[in-house]
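Under the heading compositional bias 'Basic residues', TrEMBL lists 364-379. If you look up TrEMBL, you'll see 380-392 marked as compositional bias 'Basic and acidic residues'. The compositional bias 'Acidic residues' feature in TrEMBL is assigned to 393-412. The domain 'Small-subunit processome Utp12' annotation in TrEMBL covers 913-973. Annotation comment: TrEMBL describes 159-186, 195-238, 683-724, 725-757, 767-799 as repeat 'WD'.
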Amino acid sequence: MDHTYLRYECADSFGLIVSGASSKAPPSNSNLVFLEDGSKNPLLLTTAGSFIQGINLKTGLPVIKIGHREQLSGGVGSGKALNSDEVVCLDVSSTPHSDTIRVATGWVDGAVRVFDLYKKELSKGSIGMVQSLIDEDGVDEGFLRREPLLLNGHGHSPVRSVSFDRNNVSRLASGGSDGTVIIWDIVAETGLFRLLGHRGGITDIMFVNGVGFDGLATSSLDGLVKVWDINGQCCTQTVANHHGEVWGSSCFDLTASEGDERRCRMIAGGSDGQARVWSVRQPNRLKVNDLETKGLDGEEKGENEDDVCFYMGKITPPPNVATSAEKIMSIQNHPSGRYVAILHANSRNLDVYSVRSTKESQKKRQRRLRRRQEKIKRKGNTEKTDKKRGILDDDLEPSDEDAETSPEESLDPELLKASDEFEYLATVRASHKMACFAFLPTREKGDLVRIVCALTSNTLEVHTISKKKVSPDAPLTVQTELATAIDMWGHPTGIRSVALSSDDRLACTVSKNATKIWNVATRSCILSLSPSIVSGNKSVSCYGLCNAFLPGNTHVVVGTREGHLLLIDIAAGDVVYCEQGAHDGAIWSVDIRHLAGSDTNLTIVTGSADKSVKFWAIEAEDEEGDSSSPILVHTRTLQMSDDVIAVRYSHSVDSSKLLVFVATLDCTIKVFFDDSLKLFLSLYGHKLPVLAMDSSDDDMILASSGADKTVKIFGLDFGDTHRTLHGHEDSVTDLKFVKRTHYFFTASKDGTLRYWDGDRFQQILVLSGHFGEVNSLAVSRTGAFVLSCGMDRQIRVWERTKDIVFIEEEREREMEQMFDRVNDRDEGGTAAILSKKRGNDEDEESDSGSNDEPQSEAAVRKSILSVSSGDRIMEALEQADQETKSIALFRKTQGADATRQPNPLMLNMEPANYVLWVLKTVRSAELEQSLLVLPVSHLERLLYYMIVLLRNGRGVELCSKVAVFMVKSHQNQVRFLAIRP
């Protein structure tokens with residue numbers, strides 16, 4: 001019988017305030033959105049890895065986490081594990097009279113998930129903040145088990161943008177990295193259609209309403225902005241006057257003041273750093289009055305009657321304001337329509353513009369025209385009209401002559417420029433580079449507007465723009481001010497190391513310029529500080545590389561890249577002792593000797609890049625006889641021939657048998673006796689430097705991992721290599737044994753954790769969920785949970801469940817996932833080739849105008865779930881046919897009045913009712929694709945049972961939907977069935 005194990009699954013993750021682009025997730029402009037619940041202090045929703053996190057900006061505390069549970073293939077697992085996907089974008093929709101708020105999210109796996117939040121839940125306070133598989137105390141199971149609406153249509157292409165239709169909350173649009181746009185019906189839980197035309201990823205989606213036109217505007221990385229007619233499912237206008245990719249766009253109604261004339265504008269920004277503005281109005285073909293269309297620019301200049309957007313110029317700041325020349329990443333407007341802000345890439349500055357009213361815009365236009373006329377008069381009419389032209393110059397076009405000689409034409413209100421309507425207001429300067437931003441729908445008294453900025457340093461900042469007087473006699477000036485900064489709940493950079501306290505209640509994480517102490521049970525940060533030392537007359541921050549808790553769990557020792565050793569008092573929240581220059585190089589590893597009954601004689605060992613291993617004694621220093629704080633006293637030094645990468649103590653409780661393991665840059669591991677520092681063993685085998693190692697509790701084996709992607713198991717009796725294990729696809733950065741076992745975990749730069757059996761030399765589990773390199777892990781004293789952290793700045797909690805793992809089943813699941821990835825890659829490659837060929841054909845045929853490519857198609861896409869649902873439907877049809885034949889045979893032999901025992905395999909149902917029950921188990925969003933999986937031979941059977949159910953009045957809505965879809969999809973086959981004798 002095969003050996004079995006208990007499964008570890010991801011229960012929770014924390015440490016992210018707002019997540020940005022990663023190796024899997026593309027950048028998005030929809031990382032921040034406010035919950036429109038009607039309160040004065042709305043919650044801010046942010047994308048935080050596998051969660052959507054709600055933050056109260058007034059208190060600075062996260063109060064809600066929204067996520068979905070992962071369903072492993074094959075029905076294995078607890079069914080409550082946290083998903084391993086990453087959320088990319090989100091949008092919110094709510095109505096004043098509704099008790100629910102819909103949150104639409106786009107994910108890396110190509111799925112669109114819609115969550116329902118109840119307003120009464122938001123008033124309770126914190127919900128969903130603690131998610132555990134083993135500890136049910138304080139866990140809101142009703143909230144966590146609520147499954148979202150799953151919409152699959154983008155395949156495995158990440159969803160970059162989602163947007164609700166404000167005039168029709170049941171309609172949702174999503175755009176993926178594959179350039180497709182899908183319109184969804186949330187009530188029917190299905191896709192309406194897919195729009196084709198873009199060749200690059202969709203960056204923004206905007207519904208165009210209120211101009212007598214039911215449309216949709218999309219911007220893409222192919223440098224185009226397209227306007228779609230939703231009713232006609234076709235593109236009516238393509239705006240192609242951008243230079244390079246279009247990264248950000250916004251479409252909104254300008255409202256400078258109450259009672260102002262309604263104006264709809266669309267702003268788009270590209271790689272050239274210019275923000276272009278279009279006026280959005282009703283197309284000429286929809287106007288009823290023919291007289292109304294006469295004299296318009298579109299008719300005079302030969303523009304298309306279907307055009308909705310008309311160019312107005314660029315938004316330019318004043319000459320005295322320095323702006324970035326980088327590409328525009330995001331353009332957002334205030335909900336009131338009075339302000340708009342533009343964010344450039346790799347910039348700390350955010351340019352904010354205010355909207356002028358219609359009267360002010362007209363005044364600005366008239367002033368501009370007067371200045372233009374005065375300039376023309378100064379130059380003289382002769383210089384203007386009789387300007388010499390070269391022999392190679394083209395003749396002046398009529399439009400050019402009109403533009404130069406007829407300035408009266410510019411008096412037309414339609415020729416308002418963007419500079420006439422948008423006025424520079426202020427520049428918001430953040431403490432770090434911005435990733436995205438959002439306007440607060442509410443403002444404090446005296447403020448013009450408030451903006452929340454998400455920084456690339458995993459920080460949120462709230463800035464206010466107000467008009468104040470610098471002095472009592474000075475006029476009012478626009479000033480910006482930082483109101484709130486939220487940075488306690490996450491690391492600014494990748495986490496380098498994590499350590500657990502002896503009672504598993506606290507966890508310590510270190511990164512560049514930050515050390516944080518976490519409560520493991522509540523996932524909350526109880527201490528955050530930036531360790532620094534005084535060098536000369538200034539304070540210098542320290543980059544933490546390794547850490548460990550001291551016995552008693554009151555202090556933490558941190559080794560830094562600068563070679564310092566820091567002792568941090570958790571209660572005081574400060575560095576109480578610093579050993580400056582403890583090493584001449586970076587301290588890569590630190591460990592504490594744990595001996596039975598030796599709490600008064602503690603020793604710390606550190607390994608550094610200065611080719612030395614140093615031992616430190618922890619002693620108590622009396623301060624005025626009242627209290628004591630620990631200090632470090634250097635006792636011994638072990639000089640090595642190369643840089644020390646890792647150092648560890650063995651787990652022996654006997655000091656005479658205690659060993660010290662030292663891994664150096666020459667790819668070897670040397671084992672020394674702790675008491676005499678004499679060499680005991682030299683372990684060879686790694687081809688690249690060893691990055692981590694650990695010994696079992698009984699000191700029988702030593703496991704090491706290195707940059708050569710392998711894990712080696714050595715025997716500590718003779719130093720022989722028991723086995724070399726392969727599995728990781730990149731450097732293995734950390735390794736830890738589970739207490740009192742020979743099982744161990746490894747972390748790698750490939751973003752996975754792996755669970756191994758050191759006795760049977762086999763891999764048990766592959767744990768995926770990180771979006772970047774995993775640098776460190778920590779195992780609890782009982783092995784009940786594991787903490788892992790890495791460059792994605794999140795901490796994931798892996799808990800041991802009661803689900804049993806069979807090695808053979810895990811290997812089969814891994815093979816299935818590998819085949820699925822291969823199939824997806826093949827399909828993606830084929831689609832790319834066809835798309836490229838289609839693009840070339842379009843370029844060749846563009847001159848002749850023979851492009852007949854469809855602009856829309858059905859919004860269905862095959863997935864593993866839809867295929868499995870189709871298999872269930874086929875199996876149900878076959879069982880129903882067999883049961884029908886059995887019933888007919890029984891009645892023929894036993895008589896019509898005889899009673900027959902129902903079939904338990906069909907849940908004691910009639911054949912037609914069983915088919916209906918199976919159809920109801922299929923999700924609405926996957927029903928159509930599941931029906932397309934059925935072969936033609938099952939078409940007649942399915943239609944037969946639909947007719948039976950409709951005659952009996954059972955499941956009328958579902959049966960009608962299935963019957964209509966099947967008839968539409970198989971018209972020729974149905975026609976053949978009808979004429980067949």
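The backbone N, Cα and C atoms fix where each Cβ goes, and this holds for glycine too.
No curator has checked TrEMBL annotations; they are predicted automatically.
Panel annotation: around the repeat 'WD' (767-799), residues 8-16, 19, 22-25, 48-50, 82, 84, 86, 132-134, 458, 490-500, 502-504, 507, 509, 511, 518, 520, 523, 730, 733-734, 736-739, 741, 743, 745, 747-755 of the same chain, lying at least six beyond its termini, place a Cβ under 8 Å from a Cβ of the stretch. Beyond the ends of the repeat 'WD' (195-238), by six or more residues, the same chain brings 26, 29, 160-163, 165-167, 171, 173-183, 244-251, 253, 262, 264, 266, 268, 270, 280-283, 286, 304, 306-309, 835, 839, 853-857 to within a C-beta distance below 8 angstroms of the stretch. Nonlocal intrachain contacts for the repeat 'WD' (683-724), taken as residues 6+ away from its ends with a CB within less than 8 angstroms of a stretch CB, comprise 645-646, 648, 650-652, 657, 659, 661, 663-671, 730-737, 739-742, 744, 746, 748, 756, 758, 761. Summarised by DSSP class, the composition of the repeat 'WD' (159-186) is 0 helix, 21 strand, 7 coil.
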